[in-house]
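Asks: Here it is, the structure in full.
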Amino acid sequence: MSSSIKIESVVKEKNQMGECPVWEERENALVYVDINSQKVCRWSPVTNEVQSVSVDARVSSVALRQCGGYVITLGTRFAFLDWDTQAVTTILELEQDKPNNRFNDGKVDPKGRFFAGTMAEETAPGVRARRQGALYTLFPDHSVIKQLDQLDISNGLDWSLDHRTFFHIDSLSYAVHAFSYDVHTGKIGTHLLYHLEKEEQMPDGMCIDAEGKLWVACIDGGRVIRIDPETGKRIQTVRLPTPRITSCCFGGKDYSEMYVTSAYDGLDEWVWICHMDSVFYNTLHEIAFISYYNLIPFANFIFLLLGF
């Protein structure tokens, strides 16, 4: 893959904590969440407009429903979102005995099961109860099972192209784990795949490309890294012009474009002025970033990334 980089803006939309980008073919749009603004957002590359629906709690992930609309995680609930009416219907609420917990990242497996994990919120800056999170699976019949327990920050997840391996990030382990996966039952078993280097900081969201390689967003590391699951080695690093990189996905025509979200929550004022908090956009053959004309905080854009 090419290492050349070009930067141009796509969407100038402020996101406190942009996360969980998903490409929706039927709408030709990128769907994502702004966790701390409690919004589900949808951007059209045709009109360059961003629409959003506000909800009543922090919304951490969104996935597509076959019948239309979305399934989301907000607070500690699984719920359906009807985009047209903006109605939110709770499916199930979990972890009611853990008031500081909330859901975090989530994604649908190849058979339509929705995997999503939880985490404990900070009670003070840098203070968080450890091993309070878990990973759950919501089945199409609305039943839920717990897959993993005693997690810190359940985060990025995806499946291998042959559906035999499940990849998962628990951010405070600073590692990507690979699990054997039974696509027929949704059951998993584990081993360590990749441990992040110090400069890569903490792993966050994740996606897989058409070659079966993983792309991991490094929050506070200002980059996405590409990992070969066969060798457990990092094979590419793409540095971005903002430090708090949160997640990534492929989308667009033929899924040849990558979108990368970021956040400004957690940055001090000077860093926020000097960087942009954004959703980035890139193509499979050319990866690029957006320039931020000067130090004025053009925060939370969607960027076109060219140079893959």
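Residue positions begin at 1 at the first shown residue.
Here the Cβ of each residue, glycine as well, is placed from N, Cα and C on the backbone.
The shown structure was predicted, so the numbers you read here are calculated from the model rather than taken from an experiment.
According to TrEMBL, the protein carries these features:
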- Asp204: active site, proton donor/acceptor (ACT_SITE)
- Glu19, Asn155, Asp204: divalent metal cation binding site (BINDING)
- Arg102, Asn104, Glu122: substrate binding site (BINDING)
Asks: Would you please pick out, from the binding-site residues Asn104, Asn155, the one with the fewest other Cβ atoms within 10 Å of its Cβ?
Replies: Asn104
Asks: State the count of C-beta atoms found within 10 angstroms of the C-beta of Glu19 (divalent metal cation binding site), not counting that atom itself.
Replies: 27
Asks: Asp204 (active site, proton donor/acceptor): which of the binding-site residues Glu19, Arg102, Asn104, Glu122, Asn155 is the nearest Cα neighbour?
Replies: Asn155
Asks: Roughly how many angstrom lie between the C-alpha atoms of Asn155 (divalent metal cation binding site) and Glu122 (substrate binding site)?
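Replies: Checking the Cα atoms of Asn155 (divalent metal cation binding site) and Glu122 (substrate binding site) gives a distance of 16 Å.
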Asks: Taking the center of the Cβ atoms of Arg102, Asn104, Glu122 at the recorded substrate site, which other residues in this chain have a Cβ no more than 8 Å from that point?
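Replies: Neighbours within 8 Å of the Cβ centroid, excluding Arg102, Asn104, Glu122: Arg58, Ser60, Asn101, Phe103, Thr118, Met119, Ala120, Glu121, Ile153.
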Asks: Please tell me which one of the binding-site residues listed here (Arg102, Asn104, Glu122) sits closest to Glu19 (divalent metal cation binding site), measuring Cα to Cα?
Replies: Asn104
Asks: Sort out the sequence-distant neighbours of Arg102 (substrate binding site) for me: same chain, 6+ apart, CB within less than 8 Å of its CB, listed by position.
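Replies: Listed in sequence order: Ala57, Arg58, Ser60, Gly75, Thr76, Thr118, Met119, Glu121.
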Asks: Identify, among the recorded positions Glu122, Asp204, the residue whose Cβ has the fewest other Cβ atoms within 10 Å in this structure.
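Replies: Each of the recorded positions Glu122, Asp204 was scored by Cβ atoms within 10 Å; lowest is Glu122.
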